[in-house]
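Reading through the structure tokens given below for one structure.
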Amino acid sequence: MATKFPKFSQDLAQDPTTRRIWYAIAMAHDFESHDGMTEENLYQKIFASHFGHLAIIFLWVSGSLFHVAWQGNFEQWVQDPVNTRPIAHAIWDPQFGKAAVDAFTQAGASNPVDIAYSGVYHWWYTIGMRTNGDLYQGAIFLLILASLALFAGWLHLQPKFRPSLSWFKNAESRLNHHLAGLFGVSSLAWAGHLIHVAIPESRGQHVGWDNFLSTMPHPAGLAPFFTGNWGVYAQNPDTASHVFGTAQGAGTAILTFLGGFHPQTESLWLTDMAHHHLAIAVLFIVAGHMYRTQFGIGHSIKEMMDAKDFFGTKVEGPFNMPHQGIYETYNNSLHFQLGWHLACLGVITSLVAQHMYSLPPYAFIAQDHTTMAALYTHHQYIAGFLMVGAFAHGAIFLVRDYDPAQNKGNVLDRVLQHKEAIISHLSWVSLFLGFHTLGLYVHNDVVVAFGTPEKQILIEPVFAQFIQAAHGKLLYGFDTLLSNPDSIASTAWPNYGNVWLPGWLDAINSGTNSLFLTIGPGDFLVHHAIALGLHTTTLILVKGALDARGSKLMPDKKDFGYAFPCDGPGRGGTCDISAWDAFYLAMFWMLNTIGWVTFYWHWKHLGVWEGNVAQFNESSTYLMGWLRDYLWLNSSQLINGYNPFGTNNLSVWAWMFLFGHLVWATGFMFLISWRGYWQELIETLVWAHERTPLANLVRWKDKPVALSIVQARLVGLAHFSVGYILTYAAFLIASTAAKFG
């Protein structure tokens, strides 16, 4: 007999209803719950899947390289990066009529093409690529890497090549290898690439496979390195008049600390970035030799966690907090590890979003406004999903893996002991922020509507302005720290040697970049609106995780798992209190918050780019300003993307804008209905199907049953999220591209 899906659960495979399919999809990645799963097998499966993941990433980047080389205009773009629009790939669409073909034949192409808003052209250009041949070579190299990764994944599932459980739990060795090997050596390799290939290319000297062994990256060679005279590598940097990609105004330095931006490209100095990666490499290679393995030297993480002595002083543990039992808890719980990793990666991803625009690393990318907007929004949304995932797996850890006896008296136990204080503090912060921020916005909205805008309550963000002034911004006249040339911040070593300060001060006081933008009352308000969103999302997630094992209402919650809908009518009031429900609610708040973040960023930057900062400053202090002067005003291009007079190259975004709204609205159908609705709907559909000629020739074996409450919410949440992001992506790209190309 053919085995039914899913193979991993005999119990589910024998379910006679359509629940079999739904539950199987829900449990497919929950390896722990699969039939016959052992702890060792679990680790091996996850380990092998990492190679598949890497293969997908390599294939994806390879595809980008290949399509740009084949159908893009990289070589033309390199000749004039500021005025040429980069092409992502060609469009072949049999539905295009003449109007559409004409509209999408753009950027100097002879056939319909898509414009690239990912920044890959700027990245490849900055790192030294100049020809389509370079791109093809990269694509083929990554294809080979992808095949190797797939082979490695397959190999590590073969009995002889499956690592043992003890290998996976050897935390010290893994840390050493990841710190020194993964971070350290790869940073060193990147510094090497920048010094040997990218910096010479930026100075008009081509380095390829034919001459890289004979071309010295620095005229002094390695002599200064071996004699300790390292300062030689910083002498004679590129001048302010350097034309990127040519020898005009170029220097010879390879490792510098100039600060600020290259005047022509408006991006960080390549020599500063090479220096940065070299420094990171040194730090991480040292860090990768800190932990004790078979040589018996270095730190034991377990001993550090359990230590109660700090250089002879009695302490409770690391940071004077009790950590006994944490090593075992962390090392034996994949959910605990995943929670930490997602949280760290989420923070890093959000930092990438902030730094991509304020300190742009790629040549000329700051002048491609649509790309900057797309990259900021992309990274902030990803950060949001990662952060919510961190708390979800934290909650699963507490339900499945947390051992109260093993953690008695340590920091985890302490957090659970005083969870009421944590939750109530987050609650009052959220309430305070919500009422006060909304109160100010509503007050301002009303007085503007009544024609007395002078009655608005406008608060200058003086503390934030002080922080900007401390970093060197002169505009506010605070005359403090780096904005005062006589202060200790400006005169202390090494600044008095004019190492990085002049470049930094030029950059922070320039009106043409996004470094420390000038802020006022509108920024003050939206900052607090975002703070409200962040604190409320955190409140929901923290409560969901800390109450995942049990709460006053339902002390035995842990016995019901992560995603129970309710515990029956016998204990009324136990609906909507599982950790899954907290995750579900937090997703909406997360999306809401990132909406505010991206609205703010985009509107503020539209003003900076257009040279009209007054519109944001005047309209952002009341609600109608946001609705009318940001959303409505900037969606006009989308609403007009195609009309009775034909089409333009924004029509695809206009269509996506409509379609995104449709997907988003579909979400509500699943969110605002409970199980009985679905059961009746399905029985009605089945009844109609069985009485419809021809249709009733098609039968199925599974008895149709309704979506559970949790399943319907998942479908609703998926539609809501996808529609929400799709709608804003279309709005963001079209409104920016309509203004700046």
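Each residue, glycine too, has its Cβ placed from N, Cα and C.
The topological domain 'Cytoplasmic' annotation in Swiss-Prot covers 2-38, 157-172, 288-334, 401-419, 546-578, 673-708. According to Swiss-Prot, the transmembrane segment annotation covers 39-70, 132-156, 173-195, 270-287, 335-358, 369-400, 420-449, 521-545, 579-610, 651-672, 709-737. Residues or ranges marked as topological domain 'Lumenal, thylakoid' by Swiss-Prot on the basis of a curator's inference: 71-131, 196-269, 359-368, 450-520, 611-650, 738-741. Summarising the annotation, Swiss-Prot assigns [4Fe-4S] cluster binding site to Cys566, Cys575. Positions annotated as chlorophyll a B1 binding site by Swiss-Prot, on the basis of experimental evidence: His661. Summarising the annotation, Swiss-Prot assigns chlorophyll a B3 binding site to Met669, Tyr677. Taken from Swiss-Prot, the feature phylloquinone binding site covers Trp678, and the record attributes it to experimental evidence.
On the structure: features taken from Swiss-Prot.
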residue: Cys566; record: [4Fe-4S] cluster binding site; Cβ neighbours (10 Å): 16
residue: Cys575; record: [4Fe-4S] cluster binding site; Cβ neighbours (10 Å): 14
residue: His661; record: chlorophyll a B1 binding site; Cβ neighbours (10 Å): 15
residue: Met669; record: chlorophyll a B3 binding site; Cβ neighbours (10 Å): 13
residue: Tyr677; record: chlorophyll a B3 binding site; Cβ neighbours (10 Å): 15
residue: Trp678; record: phylloquinone binding site; Cβ neighbours (10 Å): 19
### Summary
Here the Cα-Cα span from His661 (chlorophyll a B1 binding site) to Met669 (chlorophyll a B3 binding site), rounded to a whole number of angstrom, reaches 13
### Message
Counting CB pairs under 8 Å, which listed stretch among 39-70, 132-156, 173-195, 579-610 touches the transmembrane segment (369-400) the most?
### Response
579-610
### Message
Quick check for the class: what is the C-alpha distance, in angstrom and rounded, between Trp678 (phylloquinone binding site) and Met669 (chlorophyll a B3 binding site)?
### Response
11
### Query
Can you say which of 39-70, 173-195, 521-545, 579-610 has the most Cβ pairs under 8 Å with the transmembrane segment (132-156)?
39-70
### Query
Given pairs 6 or more apart, does the transmembrane segment (709-737) have at least three Cβ pairs under 8 Å with the transmembrane segment (173-195)?
no
### Query
How many Å separate the Cα atoms of Tyr677 (chlorophyll a B3 binding site) and Cys566 ([4Fe-4S] cluster binding site)?
17
### Query
Given Cys575 ([4Fe-4S] cluster binding site) and Met669 (chlorophyll a B3 binding site), what distance in Å do their CA atoms have, once rounded to a whole number?
20
### Task
Using DSSP, break the topological domain 'Cytoplasmic' (2-38) down into helix, strand and coil residues and give each count.
16 helix, 1 strand, 20 coil
### Task
Fill in the CA-CA distance, Met669 (chlorophyll a B3 binding site) to Cys566 ([4Fe-4S] cluster binding site), as an integer in Å.
21
### Query
So what's near the topological domain 'Cytoplasmic' (673-708) in sequence-distant terms, Cβ-Cβ under 8 Å and 6+ beyond its ends?
16-22, 565, 715
